[in-house]
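Comments concern the structure below.
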């Protein structure tokens, strides 16, 4: 038995519990009965880090020199190619072959013009059918520059064949882009078929309180038509009011607005509503679904997406802005048609180019003028053609088509339909009113009662305008049968005058104390603000802006009151005429 003091004793080298430490490397095998000598492996060869860095620097320097030599050789080779005439001719031939190949591919794929797909066209036609079904009166909007080109006879035939005895009215929009004499001729031509109303939509970009001018279209001057205010709304509302009165409508009517893309359907609705109720733009296809807009408690407007008629020429479809300009595969051909139809002198003056003989020369000059280039520094005729088409559809290039010399009634219309439409809308009364105003037309320019002016001056013009005679007559319980001369009460302000200069307004005797508040000189207001303490100028400016907003609201209230007074006066005159006739 082991003693306790020997129990934890470490075993010695010769004891039984001692293990011999083995050599970490394997023992060499015996060769020919003799034990081989063991070789201890030596440490690897040590390489200094600077040797690797120097080697890499040498390789990089050699690579940079090789690349520099290759670039110099490529530049010299390119320089030699440019110097030779043969290489230039070969480059021209290569580009011509590429262009011809591109034309062949376009013709094979039938990519001109790129209209909407079949599903989209069916969806638009479905929305059009819904508008026709729900409407009592259909307003077909036409472009005054080309009314017959924008007129869709298939659409009119579908409206006349629909159930419910639908009524159809033509609206000649964009009359500010056509001379006044041409507009009158088109009105006389179209009124032989259907009731026609001249109209100009508002071109303002604000959301509310769109301006509307009460001056009749026949009486408005050229400068007045070029303003941003709306024209023809009163006449159109009178036509719809005649339908409600003669048709004995007890509740309300729905008025559908249809037509080709980009003829101004949504702009017409916004002008009647005097607010931005529908999205508008110079690109076709913005309106995709039927939209209902409440005009008042008697009239509801239905906006429909534009429809492109089936049998139509490709170039004509593009020139009527029925296709996106940026999606055209070949915009050069429509530009060639424009140069054939329009006055070349006006186009040359507009773009500042002259002396061109072909369409290619014209587009190259326009590309040089506008800076339209492509890769290689060459002028892009495609981009120049798209820019010309964009100016065409936006109305910057003036053009119009005169009405035909002889009138022929379309096949889908008959004498009975024309007579019925005339009696329902009482067009003869409207034409007689226009003739009376033409007789009272003075030699001077018309007044811009609700044009694009400052709110202070707008209120001054409203208070001085002859429309106050109607309001005074209604207050005195008298009947007004005819609106007198609307000219000569205030001068036409220069809307392009810069700064805070005074407007030349003919101040007549004022019966309202509001005029003294509105006729404050704006220069004196600024002068008072500048004379105040610099620490209080911000507060003074905020107070001036607050007063300006107050004047704007006051002018809007007066405008609405005067418009209501005018409509009630016209109703009184119509009832008086009926009583005299009885």
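Cβ from N, Cα, C; glycine included.
477 is the residue among 122, 265, 477, 557 that Swiss-Prot describes as SUMO1 cross-link. DSSP assigns residue 263 (GTP binding site) to coil, not to a helix or a strand. Across the range of the compositional bias 'Basic and acidic residues' (48-58), the DSSP-based residue counts are 10 helix, 0 strand, 1 coil. For the domain 'CP-type G' (125-310), the model gives a mean pLDDT of 78. Under the DSSP three-state reduction, residue 305 (GTP binding site) is assigned to coil, being neither helix nor strand.
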